[in-house]
């Protein structure tokens, strides 16, 4: 037998309002305090279908930092399992992207396991070994995780989207809130002893609707459907016929057949089921795209939901993404789909590249209109097949209200707002009617065009949208604009480039509202803005006044944050 090492569970403190959900008996709270490493059973077979949803080196580094572990301590070799070794582990918390974290008690060495949930005791096999962490594939659950619930979706165990569907929603909230707290403390270097920080950290805002909240879903066509290993029958292959659904976790070329997704609307599911019923008919001659041979016709099926601004009734857009320009081949599918009352738009995006993106070089309107509409914070937005719009409309309304609250507008319409990474202008436009002017910057040309159209649609004349790459700002950036009172920045996952951070620190606007979809890079940027970058002689000028996590996407690992920074 291999030498034993002890694994321990870290105690997580929840906010007061969550205590009623997180209470457990004394026995449950202390059970499984330590487990032993089992001896290696067998090496990994080369043909084994290991599903890895690998996170980036930066995310792993920040996860390790956020847990406060020291993976550089090599005092005991037994604490560093080898690739192929089988272990008995316990998950103590969730890392960003939803991976379960297991740690060696004495050294804090981190093992990351996809689909492991807090409190779960399981058998896992080391699939990847790095210097400062290891990745584990869960083979068998010994003791289920805390806060277990039955997942209502039949694909929950295999689809890469809803990784925490069988974890109670209250526990999901608690885990997400703790992730944000840990990252801001360990990556952002904000002290828990500082009463100013304690007052800034807010409890997470839950999502009232936990299913059917997405207004956009994209499904992929594939030549061979993927079947999870545990569902394979003896003497069967690991693949079935043509597939329409979602990509298997970690694979760009394997598609899991999906007939119904509980995250989208009932009418969208009706469209999906209708397409599934007929698209494989040999008489139609419709072939799915093959990413290896670069052949086939159907690439993606995108479904977008909106509302008619006059009636309030739902409207649905169906977008077929094809590899060639031949819209007539879609006519039989169009005839089937138009029997669904909510469908008001059917379009065909033609993408002739070998890539697997859904944005086309050409678009045909096959039925109805080319756009649908949606309302947000009292404004109307036109949504085309390729335009960006917040995926959870109802929760976006709450998110934008939080942004408005952080702006602390005077009410006299005197403020200048600089809206960075403005997308289609939704945030800036919701503030425009209460300020002097909004200046928005965005690198995507189509998004800038949509933002201008949205301003015109809502009769807003005090918003200017400019195309520009915010990762390449220089000394002349925004020099021809008046100094803003408020800066809103909503970067994508990598966060802000150091050039943009330098610009903001030199600009010294009174308030910065940082909206983030990645708490790891958000914590890093907050640190730079508040404490500077000493090694580059950059001085910080802000204090963190408020940090508000928001759950935009229940059952997924994604977390949104709204942060208010005020000039010192």
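In case you wondered, yes, glycine gets a Cβ from its N, Cα and C as well.
The model shown is predicted, which means the values in this text are computed figures rather than measured ones.
The feature domain 'TRAM' is assigned by TrEMBL to 80-140. According to TrEMBL, the S-adenosyl-L-methionine binding site annotation covers 390, 421, 442, 490. Summarising the annotation, TrEMBL assigns active site, nucleophile to 517.
Cβ neighbour count for the residue listed as 'active site, nucleophile' (all protein chains, 10 Å cutoff from its Cβ): 17. Annotated pair the residue listed as 'active site, nucleophile' and residue 390 (S-adenosyl-L-methionine binding site), C-alpha to C-alpha distance, rounded: 12 Å.
By a simple count of nearby Cβ atoms, those within 10 Å, the most crowded of the binding-site residues 442, 490 is 442.
In sequence order, 441, 442, 470, 489, 490, 491, 492 are the residues near residue 421 (S-adenosyl-L-methionine binding site), counting only same-chain partners six or more apart with C-beta under 8 A. The full span of the recorded S-adenosyl-L-methionine binding residues, 390, 421, 442, 490, taken as their largest Cα to Cα distance, is 16 Å. Counted within 10 Å of its Cβ, the other Cβ atoms near residue 390 (S-adenosyl-L-methionine binding site) come to 22, all protein chains included. Counting residue by residue with DSSP, the domain 'TRAM' (80-140) contains 0 helix, 33 strand, 28 coil. Confidence annotation: the domain 'TRAM' (80-140) carries a mean pLDDT of 85 in the model. Excluding 390, 421, 442, 490 themselves, the residues of that chain whose CB lies within 8 A of the CB mean position for the S-adenosyl-L-methionine site are, in sequence, 388, 419, 422, 423, 424, 426, 427, 515.
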